[in-house]
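Lifted from Swiss-Prot, the feature list:
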DOMAIN    104-303  domain 'ATP-grasp'
BINDING   130-185  ATP binding site
BINDING   257, 270  Mg(2+) 1 binding site
BINDING   270, 272  Mg(2+) 2 binding site
């Protein structure tokens with residue numbers, strides 16, 4: 001079965017702030033694919049030029065890149081030009097999901113629940129933002145993941161420092177209403193009508209601090225899969241996750257992050273189109289809950305690889 005994939009490149013590393021995580025994800029995916037009999041080879045896009053992909057004879061690639069130049073549509077566009085099938089979402093969906101502000105706008109247009117927010121920049125009167133969104137609130141760069149540059153602001157006096165941390169990555173920053181509740185995530189597989197949600201995972205971090213360190217480098221965070229939720233609530237969250245995925249045009253696989261408030265109302269936070277695939281990562285955990293091994297998951301994602309753009313038909317004459 002795996003022989004039909006031909007020579008496969010596992011794109012990892014890259015140049016984003018999430019390079020370290022991507023190196024771990026790529027190494028895991030590479031090992032899993034090799035164990036399944038796939039002719040897989042690592043390719044660090046931060047060290048090698050993409051034109052080398054074509055020269056190396058890769059017939060498809062597994063994108064294990066995170067953040068800028070990996071899940072923002074840039075690498076996807078290059079692969080379309082090279083006509084090399086790739087995993088995950090296409091150019092447009094990747095770019096949309098990478099921009100948390102645009103993502104929230106799309107979700108609101110589709111009637112999906114997401115916390116109130118504002119765009120802020122260097123001209124914004126920062127101390128007035130809490131008047132509209134309340135305290136605490138969240139400041140985050142809209143084009144980063146893995147909690148990079150995120151600050152929970154507890155007082156007006158902290159706004160400038162929090163903005164400085166986020167604006168180090170993006171000039172325009174997302175200010176978001178803080179919703180107190182349970183942190184949940186839903187992995188998704190497939191595309192279009194075939195998109196499906198895997199069981200909901202609950203994340204319980206020390207003092208509620210699910211930061212970069214606790215995500216990837218400690219064992220103090222607890223995960224519950226499936227999450228201990230009333231059946232109706234779990235089904236509602238999975239349904240919203242699929243709707244959010246489809247609204248953005250996502251394909252292949254992804255992960256939707258939620259907060260569940262005290263009234264069991266789920267709130268969408270963001271969509272990841274190239275989620276982590278490390279030993280601590282959540283998509284492999286959800287797959288295990290439905291009897292899918294890590295290697296089987298990687299092969300299933302790879303099997304869905306494709307070029308998404310279609311060349312227009314040539315006019316006669």
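A Cβ is built for glycine as well, from the same backbone N, Cα and C atoms used for every other residue.
Note that this is a predicted model, so its numbers are computed, not measured.
By neighbour count, meaning other C-beta atoms within 10 Å, the densest spot among the binding-site residues 137, 165 is 137. Non-local neighbourhood of residue 144 (ATP binding site): 16, 17, 18, 67, 68, 169, 170, each in the same chain, at least six residues away, with C-beta under 8 Å from its C-beta. Highest local Cβ density among the binding-site residues 151, 272 belongs to 272, counted as other Cβ atoms within 10 Å over all protein chains shown. Counting only same-chain residues at least 6 apart in sequence, those with a Cβ under 8 Å from the Cβ of residue 158 (ATP binding site) are 151.
For residue 137 (ATP binding site) paired with residue 270 (Mg(2+) 1 binding site), the C-alpha to C-alpha distance reads 16 Å. Here the CA atom of residue 257 (Mg(2+) 1 binding site) lies 13 Å from the CA atom of residue 179 (ATP binding site). Model confidence over the domain 'ATP-grasp' (104-303) is summarised by a mean pLDDT of 93. Within 10 Å (C-alpha to C-alpha) of residue 257 (Mg(2+) 1 binding site) lie the following binding-site residues from 130, 165, 272: 272. Mapped onto three states, the DSSP output places residue 151 (ATP binding site) in strand.
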